[in-house]
Amino acid sequence: MAKLLLFLLPAILGLLIPRSAVALGTNYLLSGQTLNTDGHLKNGDFDLVMQNDCNLVLYNGNWQSNTANNGRDCKLTLTDYGDLVIKNRDGSTVWRSRAKSVKGNYAAVLHPDGRLVVFGPSVFKNDPWVPGLNSLAFRNIPFTDNLLFSPQVLYGDGRLTAKNHQLVMQGDCNLVLYGGKYGWQSNTHGNGEHCFLRLNHKGELIIKDDDFKTIWSSSSSSKQGDYVL
């Protein structure tokens, strides 16, 4: 099954943001970005740490790179080919996920259920067994306030917040992106009642009203898989 990524601004707006302008997320790493020594990605009880002993450890997730004491001042980088790479301070490679794919935009996301997943073409994920979490039905994935995973739903006045941007599914049925230099909306103000936004397993964003009538869609349907907005 594909693990695909929808980038919020490029996917919805067709805008391009310089990589240098994109700050490191608290629970994700974009291609070209680096997690420095003692850096963290966090999501709920899960904490991915690039330790000062050069070991990459997912706490409460029962996973590690097994590279303790293999280098100093190590850094984790996600390449433009979807490969996670740990490098020593001299630039030598200590560990890599060996999941190299086609060149493109990727995101390594610390999933709410404790998986570290690279979204893009299907490339790399670890599947730790965490009692009480791995047994959850997919629809019960804990909500993350800056990411939407298929098939999660954003209800009226619900929002996704990333740095100075907010994507809001307003109570008036309009989907609006606030913040930054650019703004955007679905132009569906007043077109329905009790509307909600859903990301389906084909990567399509859909606004429906309380009668499940489709008010708006991104028309970006792709192959069946797991997606993240």
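Here the Cβ of each residue, glycine as well, is placed from N, Cα and C on the backbone.
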Q: State the residue range annotated as motif 'Carbohydrate-binding motif 2' by Swiss-Prot; the candidates are 8-16, 116-124, 170-178.
A: 170-178
Q: Using Swiss-Prot as the reference, determine which range in 24-32, 51-59, 105-113, 141-149 is annotated motif 'Carbohydrate-binding motif 1'.
A: 51-59
**Q.** Rounded inter-Cα distance in Å - Gly183 (beta-D-mannose binding site), Cys195 (disulfide bond)
**A.** 21
Q. Who are the chain neighbours of the motif 'Carbohydrate-binding motif 1' (51-59) in space, where the CB to CB distance is under 8 Å and they lie at least 6 residues beyond its ends?
A. 37-38, 65-74, 76, 86, 88, 94-95, 110, 114, 116, 126, 128
Q: Go through the chain and flag residues at least 6 beyond the ends of the motif 'Carbohydrate-binding motif 2' (170-178) whose CB is under 8 A from any CB in it; none is fine as an answer.
A: 8-9, 12-13, 156-157, 184-193, 195, 197, 207, 209, 215-216
Q: Could you measure between Gly171 (beta-D-mannose binding site) and Cys195 (disulfide bond) for me? Cα positions, answer in whole angstrom.
A: 7
Q: Work out how many Å separate Cys195 (disulfide bond) and Gln51 (beta-D-mannose binding site) at their Cα atoms, rounded off.
A: 44
